[in-house]
Structure formats: C-alpha cells, structure tokens
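Read through the structure below, which is laid out as structure tokens, and then see the notes.
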C-alpha cells in the first residue's frame, strides 16, 4: 500500500471515535500521525520521481534544459548547456551568433546551435526546434500520478516543458539512438533562438551560408507541440496597426475637438467581422482545410484622461489567414478600413510586412500518424528553401509532444509517457527520411 493511501485511511478512521465520544486528544494524535504519514508519502514520491528522471537520458536531458531560464533574447545559458551535452555525445557543434531583437535591451550573447556527427557537416536530414520560451519563467517540477502509480502518467510542469524543450530533448535522443545503430546516417540538429518573438533565429539561419542553393538537405523535421500528431499545415500570419488622429479639447465642449476614439471605433467594428463576411462582400477568405480566417484586436490605446477629447488612438491586430496571399489580404483590409471611415485621412493603416506569411502546407507522407491542422504559427515559413531548380524537393514535417493549449499558460505541462512516445515518433520520421536517400 502507498503511504499516501495509508494516510487517507487514517484520516477516515478518526470519524468513528468522535461519534463514540472519545476525547479530542485521540483526534489530535490521529491528525498528527496523518501529517507525518503524508509527509513521508510525499518524500517517498519525490525520491521515486527523482530516480525515474535521473535514470533516463531523455528525462534528465529534458529536466536540465527546462531548469535553465531561456525567455526570448536570453537564450545563451540553455544554449551552452546543449552545446556541452551534444559535444559529450559525439556531435560537432557550431554557434551561430544572433543579435538580440531591436526592441529588447538584453545584452545576452545568444546563438543558434548547428550540430552534426563528426565529419558530416552537410547532413541530409535536419531536426529543428527552438530553445526560447515566452515569459515568465516557471520552475520545473514533477507531480506523481493520482491513484495507482504509472510511470507514464508522471506530469512534468514548468515553462518550456512543452513548448518546445520537449521537442528539443526528444529529437536529440531520437537522433542519438539512430546514430548508434547507423553511424553513417547524415543527420543534423538545428536549435534556434527567438521563435517566440518573430523567428529571428530561423531568419538568421535562412540568410546564412548554411542555407545553400540548392539545399544540401532533403528533409526538415520541425518540433512543436502537436499532440503527437503529424501536422498537415498551419494558418498564415498577418499583423497590422490602425491609427486615428483627432483634436484634443475639454470634454465639456467636445465640439471644439475631434475624438480619435470615435473615429477608430467603426473601423475596428468592421475589422472585427472580416473573418465572418464572404469574400464577395468584402471579407477575408476561408478554406476547407483551415476553416475561416480569424482576427484578434489584441491592443487598443487612446486618450489622455476621461475628461479630455482624445487626440490619438491606435489598435494592433493579428490575423490568422486561412487562404489567399498576403497581398490580397492586405488589399481587402485596406478597402474595409476605407469603407468604414468613409475615406477619412485621419485614419492610417500600416503592415509590418516582414513578419507576414500565407498558410503553410506541410508534408504528411509517413504512415502511422494521426493528422492535425493547427491555427498557431511557427518559424517554418522563415526558412527559405532554394530547391526550385533541384530534382529533389525538400520535405517539411511538423511533429512533437504536448498540446499547444497549455503551452504559454501557467499550467504548461506534459506527461512522461507523451515525451517518451515523441522519441519513437521522431525515430519513425527519421527512418522515412533515410529511405528517401
């Protein structure tokens, strides 16, 4: 019997003496014993969990990198941990220095990691994921399963345990396992920074000499939380800002000014509905595969005080594009804004084009996986593939453990079982890539 179960039984046994009129001192003794037994049970669970994690190369690697904080623009420490691990396990490693994002004051000397077996600097198969996380850092911790103990149901919690250090750890172990059996397989690893902040790391790799024309690689396996399913594609991503200009005045005499907020509200109302309006009526496109295009007015600013007519207002909008091109979507949005404001010159719209991309279709020609279509974005479109004139076209796969539904939240977590299954999934994708030649 587990000590925790014994504690529960002891707790239940205190009810009968009370009903029989026993003195409260008996209850105090029983409660004291309950606390002691519960503490012993917790200690026993912690010792068991520690042994399970420490005895597994996969779980111990995952713990090592999850215990290192690596919020975007602060990835050098986890990068060094991975460089050390990969070097100790037979990989040649290169650091690809990546400047921090312009909107961050970090002084971190961060880098992408490019790794390959000694003597194979141009691998045919690349497994890649990201080593940065969203803020805030949440400490790594373990939770024993409820009821009968099942190793697979141990829960691993903390920032990055899912997105995407689970993929990083599982990829490495899968690669090491394959190389142990087939040491001549040209297998490489690419771990990038800043995926969570616009994909700076992948853009840096894409623009580097390692991304050749034609490519020396024929398969890319990307790691993100996909519930152990193979992703057949994800929506496109488009962002834009709307600004309104007004004239400030005392709120008691609003006719002396012009409200920027009143100017922007009908525009935002129109924007908010663009995903629900048919294209023929001026809406954004939908598709059978990705569903409807969705828009999120994520930030809205305006005004100085409640008793002042606002002279400025602005909004930032994110679009998850289900079909069509970026240019078409921008034109639809521009027309919708112009119609909503009657062509007012007080309204302006801007697009940060460098971060926009259309829907991304991915390869799924490997048997044995359930398929999934996702709404979230990745840095897959940030890697330009120069295979236009090549006889062999590059395959792109997206797979990983955990679910995106908890990935950025306070309860980010996955089970030991899912993490271990991911190693088998990546191994299956590697095997398929090897068969391609």
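Heads up, the Cβ atoms here are built off N, Cα and C, so glycines get one too.
As recorded in Swiss-Prot:
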- 1-20: signal peptide (SIGNAL)
- 153: N-linked glycosylation site (CARBOHYD)
- 163, 196: Zn(2+) 1 binding site (BINDING)
- 163: Zn(2+) 2 binding site (BINDING)
- 195: active site, proton acceptor (ACT_SITE)
- 346: N-linked glycosylation site (CARBOHYD)
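Between the alpha carbons (Cα) of residue 346 (N-linked glycosylation site) and residue 195 (active site, proton acceptor) lies a span of roughly 35 Å. For residue 163 (Zn(2+) 1 binding site), the same-chain residues 6+ apart in sequence whose C-beta sits under 8 angstroms from its C-beta are 133, 134, 224, 225, 402, 404, 407, 408, 412. Within the group of recorded positions (195, 196), the Cβ with the highest number of other Cβ atoms inside 10 Å belongs to 195. Packing around residue 153 (N-linked glycosylation site) is summarised by its Cβ count: 16 other Cβ atoms lie within 10 angstroms of its Cβ, all protein chains included. Packing around residue 346 (N-linked glycosylation site) is summarised by its Cβ count: 15 other Cβ atoms lie within 10 angstroms of its Cβ, all protein chains included.
According to its DSSP assignment, residue 196 (Zn(2+) 1 binding site) is helical. In the three-state DSSP classification, residue 153 (N-linked glycosylation site) falls within a helix.
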